[in-house]
Amino acid sequence: MKKILVGRQWGSTDSYILERDHLSIHDLVERVAQRFVVELRSISDLPQGIVYVFAGPGNNGADGLAIARRLLQEGHRVHCYLFCKQEEELSEACAWQQTKLQEFHPDALTIVADEFQPPLLTAQTLVIDALFGTGLSRPLEGGFAVLVDQLINASPATVIAVDIPSGLYDKDNSENNLQAIIKSDYTLTCESPKIALLLSDNECYTGSLRILSLSLNMDEDPAIQTDYYLYTPQDARRALKPLSHFAHKGTQGHALLIAGSEAMAGAAMLAGMGAMRSGLGKLTMHLPSSLAQLANIIIPEALVEKDKEETIVGTLPKELHSYQAIAMGPGIGTAPLTLHLLEHLLQNIQPATPLLLDADALNLLALHPELLSVLPKETILTPHPGELDRIIGNALDDHHRLTKAQELAMEQELIVVLKGANTATCLPTGEVIFNSSGTPALATAGSGDVLTGIILSLLAQGYAPAEAAPLGVYIHGLTANHYGERCSPRSMIARDIVEMLPAVLKMVEQ
């Protein structure tokens, strides 16, 4: 998995890598600039007017100066503004790049020490933001705040941030000055994303996120430690187990899905179809008796066990020991009898049987939080932000919610899959795995029910909960990417996710 560093880890890791690979800071800056300019060429809708680079006095500014020089070498019209009160304020890398730019094209650089005559930023202007990077530890103020709020953000120019939008902290922005953060159209971040760039609160600052590979081999180096990771296509390919030539339905797992009510039959069907399309050998669906005929028609491959209740589930399924994994929640409602069923399930489930709770099962936990302490270890919870807030209390922002999800996972020894644009799987160890697949197409009713089915299927096939959750999330997200290659993401419905699974699983296998 791709490692995500936080705060001061970036600086110390840079120093470690330079020593490990016998590089200078100037080598690293040139590598950033080269990859940045290459990526710039791949963005098709950029304006063709003048490029203004706004550079700060640190290493982020050094990146900006190097980018300016390379763009000049390619024949672009470029002017760079370097903001520093005195030369002693510049980092070593920034001073070096200042000299190189002045030697190549002295008229392309203006050093701003005090008074600043701002350029005219039009819709044909490209602004490259290289003022401040991940080392920023306090809100922008004074002239920098004015520059960001009243010039750059107020202009119609296209803005591209180097590594991270200036003014944005790399993780927690709850005490930041939100008016003094660059609002980028694109962020080209170096080597791996910063946590703040993966949170929906910060979309207005991040814009479209792209990751520049600097070939630093961080992910393979055990000396570089972190609790945060990005799940990649390579991770999914490695995780997905090959099918044995001698496989049969018995070896592919038998799962139990407790789902549905008279008002929400579709949730049960979607979860069941998601499970069967993800490699599961056998599925038993425990449903209200009124849904049995419907399930036999829609999912003839599944076994159906009728609940004694006609319109809800309220009776404990038989022979719990015979299943390799159990999921409960899609469409079940929160009736008192359904609560009793959840309580009985928690009392009778085998300790070694993986359990997944979603949807209304999570709402029952929120109504009866004492049940959290009796959940089996490594139970998977798959809440969207609203469901999680009902369990843990309202979060102040995305970062606060992520932190509380981490705490819940660690304190109760659970796996919390916090669903969103970059779904975060929080493990009992404190580690967090962000997902790299998916598009807004997944923002449709029933999407989460299909995800429940996918993860349930993987659990029953023998994947450990900490493996099944991020792999299932990745596969689920990839269906949206695949759908978007042919159709508008606006048109996707949950059944399309199921229909995309065969092709997507083939993509992961290859």
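Every residue gets a Cβ built from N, Cα and C, even glycine.
Note that the structure is predicted; figures quoted are calculated from it, not measured.
Annotation comment: TrEMBL describes 59-63, 133-139, Asp163, Ala267, Gly331, His384, Asp449 as (6S)-NADPHX binding site. Under DSSP, Asp163 ((6S)-NADPHX binding site) is assigned to coil, being neither helix nor strand in the three-state scheme. Taking the Cβ of Asp163 ((6S)-NADPHX binding site) as centre and 10 Å as the limit, one finds 27 other Cβ atoms among all the protein chains shown.
In the three-state DSSP scheme, Asn60 (K(+) binding site) is classed as helix. The K(+) binding site annotation in TrEMBL covers Asn60, Asp129, Ser166.
Under the heading AMP binding site, TrEMBL lists Lys419, Gly420, Ala421, Asn422, Thr423, Gly448. Taking Cβ-Cβ distances under 8 Å and a sequence gap of 6 or more within the same chain, the neighbours of Ala421 (AMP binding site) are Leu198, Ser200, Glu203, Gly438, Pro440.
Summarising the annotation, TrEMBL assigns domain 'YjeF N-terminal' to 10-222. Residues belonging to the domain 'YjeF N-terminal' (10-222) score a mean pLDDT of 95 in the model.
What TrEMBL lists as domain 'YjeF C-terminal' is 232-508.
Across the residues annotated as binding AMP (Lys419, Gly420, Ala421, Asn422, Thr423, Gly448), the two Cα atoms farthest apart lie 14 Å from each other. The K(+) site is defined by Asn60, Asp129, Ser166, and by the 8 Å test on Cβ atoms against their centroid, the other residues of the chain that qualify are Phe54, Ala55, Gly56, Gly61, Gly64, Ala130, Leu131, Phe132, Gly133, Ala161, Val162, Asp163, Ile164, Pro165, Gly167, Ile182.
Comparing Cα positions, Lys419 (AMP binding site) lies closest to His384 out of the binding-site residues Asn59, Asn60, Ser137, Ser166, His384. Taking the C-alpha atom of Asp129 (K(+) binding site) as reference, the shortest distance to any of the binding-site residues Ser137, His384, Asn422, Thr423, Gly448 belongs to Ser137. A straight line from the CA of Gly420 (AMP binding site) to the CA of His384 ((6S)-NADPHX binding site) spans 7 Å.
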